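**Q** Please read through the structure below; I'll follow up with questions.
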Amino acid sequence: MEIKSYQDQAELFVKEYLLSDSVIPYTSVICGICACMMVYDITQLFCNVYFKSYPSLSKIKQIEWSNRSISTFHAIFIAIMSLYFVFWSDLYSDHQYADLVAFRSSALSTFTLGVSVGYFLVDLGMIIWFYPFLGGMEYVVHHLLAVAAVAYSMLTGEGQLYTFMVLISETTTPGINLRWYLDTAGMKRSRAYLINGVVIFVAWLVARIILFVYLFYHVYLHYDQVKQLNTYGRLLIVVVPLVLSVMNLMWFGKIIKGMRKTLAKRK
């Protein structure tokens, strides 16, 4: 009976405090930060045991290796959740609810965005701390925009649909990281490296270019709702994706150049 009583009290505490609507944003960010720290530590332990080349890497390479495992973990999580909310969930359907789609949110959607904010804060902190070894100024700008947009959407519940559309672009991250792992492992001339490059090209084209066109088209169709957001909300929904679109096109150009060089070397 005592165990049952403690269990009931614990469930009540989680429901009423840790997962209450007013606390979810902060709880989820902490969960995201803790998850990143766990993945980082587990990666170091796992790689030291099962990857013979890992201990021979320089200290900064080992840090980048573990950092990329964090971004891969986050990318898989947020891509799955974003695809669910955008394409399968009824939360943002035009036919299910009477309220405006630009203002819809749920406990799960808010929690998901909070986990993502936690990741971006951790990754941004590491990029700044080890600057410029984990990324240049474009990564700092990218993460600052991401934190501002995702945190705003999480805290206000506004524009969450468009935030998830942008976060679908994280589907390209595992491929980018795998490319770095293969290069670091000396497998740049392998078939796996070539296939991964083709997958990155297709994924980037779909998730970071075509999908952004769809995002702006959706904003255009629902602009009567979007314009009801406050100025900051409209800025984040329109301007941030626009800036990211330009950055995506620039990076896409680099991907094309990289593919050409790889194909030329194999001839």
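Cβ coordinates come from backbone N, Cα and C, glycine included.
Taken from TrEMBL, the feature domain 'TLC' covers 60-264. The transmembrane segment annotation in TrEMBL covers 72-89, 129-155, 161-182, 194-220, 232-252.
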**Q** Count, for each of 72-89, 129-155, 194-220, the Cβ pairs lying under 8 Å from the transmembrane segment (232-252), and report the range with the highest count.
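**A** Checked against 72-89, 129-155, 194-220; highest Cβ contact count belongs to 194-220.
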**Q** Please report, as numbers and ranges, the same-chain residues at least 6 past the borders of the transmembrane segment (129-155) whose CB is under 8 Å from any CB of it.
**A** 25, 28, 60, 63-64, 67, 110, 113-114, 116-117, 120-121, 123, 162-163, 166-167, 232-233, 236, 240, 243-244, 247
**Q** Please give the average pLDDT for the domain 'TLC' (60-264) in this predicted model.
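**A** Summing pLDDT over the domain 'TLC' (60-264) and dividing by its length gives 90.
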**Q** Which residues of the same chain, at least 6 past either end of the transmembrane segment (194-220), have a Cβ under 8 Å from a Cβ in it?
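**A** The answer is 161-162, 165-166, 168-169, 171-172, 175-176, 178-179, 182, 226, 237-238, 241, 244-245, 248-249, 251-252, 255-256, 258-259, 262-263, 266.
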